[in-house]
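Notes follow the structure.
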Amino acid sequence: HPASDRYHQAVIPLGGGIAIFTTLMLFILAAAVAIKLVLVPGRFAWLAERANIDPADFLGKLNQLVFLLLGVLGLFALGLWDDIKHLGPLVKLGVQFAVAMMAAAFADIRVEFFIESRIITSALSAFWIVLIINAFNFLDNMDGLSAGIAVIASSILFTAAAISGQVFVGGLALVFVGTLLGFLVFNFPPAKIFMGDAGSLVVGFFVAMLTLRTTYYQEAQSGQWYPVLMPLVVMA
């Protein structure tokens, strides 16, 4: 419904978040099953070798993927409930921090360079995740704004992941960008559908995850500006 902080004057459905969540979950689960079937038997070893994929390392990341999907599910449920019942800020922040800590501790969605303490990196990363989640939630007040910025940032992160040979992170970024582009078709002005909190919380979480899991620093590039400037470019 129209509100003081939104410029639209008509009633617009909030079902975009359901579409974003469902598409992400289906594609990621399908990819995980395909990877399990292809890499475990070793029938397509040539494909893994050509794509510079270490099967053992890739399969190990599937365990992290479980906690990533649990985080997406938790935030989607929180956002959907907030769209229906309008929850208070303390409840939303509490759930967001719980999901962020789980992601940092169990899915390794955390900064890993330059700081050795896992506790410190997990805490800092959790704050970062919650910050980005709410940033995209606040951005979701104009047609195409939140999803559009997420597409731009994630496309840059995909490029960074591709440069550093991160097939797993790059694949997640591609799925995410494709999902948002499908939503943007209906969210461009004049919007026919909004993502609601069910979508904006998931979008913010996914962008935060990509910023933390993408590698900007490499030993061979330690004397270049790339690892310093890339995070700044993404956040700009």
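Placed from the backbone N, Cα and C atoms, the Cβ positions cover glycine too.
Automatic prediction, not curation, is the source of TrEMBL annotations.
Fair warning: this is a prediction, and the values are worked out from it, not measured in the lab.
Among residues of the same chain six or more beyond the transmembrane segment (12-41), those with a C-beta under 8 A of the stretch's C-beta atoms are 47-48, 53, 55, 58-59, 62, 65, 69, 72-73, 76, 79-80, 83, 171-172, 175-176, 178-180, 182-183, 186-187, 191-200, 202-203, 206. Annotated transmembrane segment per TrEMBL: 12-41 (among others), in sequence order.
Here TrEMBL flags 62-81 (among others) as transmembrane segment.
Among the features that TrEMBL reports, transmembrane segment is placed at 87-107 (among others).
Within the chain, the transmembrane segment (119-139) has long-range Cβ neighbours (under 8 A, six or more residues past its boundaries) at 75, 93, 96-97, 99-101, 103-105, 109-112, 145-146, 149-150, 197, 200-201, 203-205, 207-209, 211-212. The annotation transmembrane segment is assigned in TrEMBL to 119-139 (among others).
Positions annotated as transmembrane segment by TrEMBL: 145-163 (among others).
Proximity of distant same-chain residues to the transmembrane segment (168-187), defined by a Cβ-Cβ separation under 8 Å and at least 6 residues beyond the stretch ends, is recorded for 16, 19-20, 23-24, 27-28, 31, 58, 61, 143-144, 147-148, 150-151, 154-155, 157-158, 161-162, 193-195, 199, 203, 206, 209-210, 213-215. The transmembrane segment annotation in TrEMBL covers 168-187 (among others).
If you look up TrEMBL, you'll see 193-212 (among others) marked as transmembrane segment. Within the chain carrying the transmembrane segment (193-212), a Cβ under 8 angstroms from the stretch's Cβ atoms is held by residues 12-21, 24, 68, 71-72, 75-76, 78-80, 82-83, 96, 99, 103, 109-111, 125, 128-129, 131-137, 139-140, 146-147, 150, 153-154, 157, 161, 169, 172-173, 176, 180, 183, 186-187, 231, 234-235, all 6 or more beyond its ends.
Here the transmembrane segment (62-81) has Cβ contacts under 8 Å with residues 17-18, 21, 24-25, 28-29, 32, 35-36, 87, 92, 95-96, 98-100, 102-103, 106-109, 133, 196-202, 205-206, 209 of the same chain, all six or more residues outside its ends. Long-range neighbours of the transmembrane segment (145-163) within the same chain, counting only residues 6 or more positions beyond its ends whose Cβ lies under 8 Å from a Cβ of the stretch, are 136-137, 139, 169-170, 173-174, 176-177, 180-181, 183-184, 187, 195, 199-200, 203, 206-207, 210-211, 214-216, 230, 233-235.
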